Amino acid sequence: MTLSERMYLPAIAQGLGITLKHFFKKKATINYPEETRQRSDVWRGLHVLKRDENGAERCTACGLCAVACPAEAITMTAGERKKGEEHLYREEKYAVTYEINMLRCIFCGLCEEACPKAAIFLQDDKLAPARYERDEFIYGKDRLVEPLKTTETK
Amino acid sequence: MAKITFDGIEVEVEDGTTILQAARKIGGDVVPPAMCFYTPLKGSGGKCRVCLVKVTQGSARDPRPMPKLVASCITPVQDGMVVENTTNEDVLNARKGIVEMLLINHPLDCPVCDQAGECDLQNLSYEHGVSATRYEEPRRTFNKVDLGPYIQLHMTRCILCYRCVYTADQITNKRVHGVLGRGDAAEIGTYIENVIDNDFSGNVIDVCPVGALTDKTWRFKNRVWFTKPLNAHRDCPTCSGKVTLWSRGETVLRVTARKDEYAEVEEFICNTCRFDKKEMSDWTIEGPRNIDRGSVISANHYELPVVNVPIVPNLPKSTVKKMPTE
């Protein structure tokens, strides 16, 4: 090596140049969760149990989502609809409990495909957020069922 | 003895055997399906028409073909008969039509029905039917009827195969159960509020090919593919005591008679075994029941459900997850 090469001065200048160049480049990262990227229309995120046009739950606890689930993340217990609950549940059978373990779920969407009642969907705008406790990842009906639209906000 | 050729396969059977039984002797895919015929019940068969086959040669002595498709479950064999089932286009088309007709008034409530997963009509329409319906008129509907404290009748799902009527006639010694009305208005009745209180009345549930007669103690408890079928027996003074337990964990959810590959009951069981003995300790377990790999029941790779107790109060005890003890 020559003397100038051994002093590494040109190499240092070259390195600083690369660093400087990056100041003016577009950043590869974003400030999640304040900013979010646009997701694809077919993005599979957090599940939702839909209601029908009258606000009754569509799910009849038929178990097809649970049997289709490759990760065995879904469990449910069924119950019989009583008289006077027709506005709550669409069919004579409904899910008393319905749980999805989000740690097990691989968000493949097979439950959505299996559902004969168009009850379960994977939303494209919501994710299962990180939490500290494992229990908190077991989503029950309280967090899965679509909220009733009481006001005309939407 | 009579020698017949069924779908190109030669088989020798006793005189007087029906074509269907001869086909079942061959076994496998060539066997025509049957919705109303039931070997243990005398006089059953000839009603649903799904077992129609083409007889291309009547017998060795009279080789003319039979003019129309015949119901294989009630047509006896003749020596030298040549029968076509899966190899004949007409038979397959006719069967498609029959399935469509059976489904005209059958509600598509499989997600709610307790029979789903072990329903003969479901299997039949899956194998022979078309996926869409052309029927636009309203289907006939009935209210649910309770036949005694244990059996529920959903007349909407009934395909009028008469199996339960024959069972009530032949297994039980008092006739309390029959078909009322004719044609489109025909329905299974119990002669006005006459509940079935015979010891063997529960067998009408097992013989029903659809979900028209269901076990009330099993109603909406679970789906059949989440339960584990076990062969078990007990010392029963009234019946053979040989049953299949449909269990989940340590809970017996349902007890049925043992059925063979054509969904026919091997031995009828009594109501005590079926409805009252719902503890594992009541039974001697022989081992798991062999289930066809293609059946949805073989998907039961399930454990007890994990239930988040604080979120849903007052859950049944069966849903509490037991942690393994060391």
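Yeah, the Cβs are placed from backbone N, Cα and C, and that goes for glycine too.
The [4Fe-4S] cluster 1 binding site feature in TrEMBL is assigned to A:C59, A:C62, A:C65, A:C115. Per TrEMBL, the feature [4Fe-4S] cluster 2 binding site maps to A:C69, A:C105, A:C108, A:C111. If you look up TrEMBL, you'll see A:50-79, A:96-125 marked as domain '4Fe-4S ferredoxin-type'.
Closeness to chain B is evaluated for the binding-site residues A:C65, A:C69, A:C108, A:C111, A:C115 by Cβ distance, with values under 8 Å counted; no residue is counted. DSSP labels the residues of the domain '4Fe-4S ferredoxin-type' (A:96-125) in these numbers: 5 helix, 9 strand, 16 coil. Beyond the domain '4Fe-4S ferredoxin-type' (A:50-79), the same-chain residues lying 6 or more positions past its ends with a Cβ under 8 Å from any Cβ of the stretch are 86-91, 93-102, 104-106, 108, 110-121, 145-146, 148-149. Other than the site residues A:C69, A:C105, A:C108, A:C111, same-chain residues with C-beta atoms no more than 8 angstroms from the centre of those residues' C-beta atoms, the [4Fe-4S] cluster 2 site, are A:C65, A:A68, A:P70, A:A71, A:A73, A:I74, A:I100, A:I106, A:F107, A:G109, A:L110. In this structure, of the binding-site residues A:C65, A:C115, the smallest number of CB atoms within 10 A of the CB marks A:C115. The closest partner of A:C115 ([4Fe-4S] cluster 1 binding site) among the binding-site residues, by CA position, is A:C69; the full candidate set was A:C69, A:C105, A:C108. Rounded to the nearest whole angstrom, the C-alpha distance between A:C105 ([4Fe-4S] cluster 2 binding site) and A:C62 ([4Fe-4S] cluster 1 binding site) is 19. Distance from the CA of A:C69 ([4Fe-4S] cluster 2 binding site) to the CA of A:C62 ([4Fe-4S] cluster 1 binding site) is 13 Å.
Counting only the Cα atoms, the space from A:C108 ([4Fe-4S] cluster 2 binding site) to A:C65 ([4Fe-4S] cluster 1 binding site) is about 12 angstrom. Comparing the binding-site residues A:C59, A:C69, A:C105, A:C108, A:C111 on other C-beta atoms within 10 angstroms of each C-beta gives the minimum for A:C108.
Note: the CA-CA distance between A:C69 ([4Fe-4S] cluster 2 binding site) and A:C59 ([4Fe-4S] cluster 1 binding site) rounds to 16 Å.
In this structure, the C-alpha atom of A:C111 ([4Fe-4S] cluster 2 binding site) lies 4 angstrom from that of A:C65 ([4Fe-4S] cluster 1 binding site). When DSSP labels each residue, the domain '4Fe-4S ferredoxin-type' (A:50-79) comes out as 5 helix, 8 strand, 17 coil, counted as helix, strand and coil in that order.
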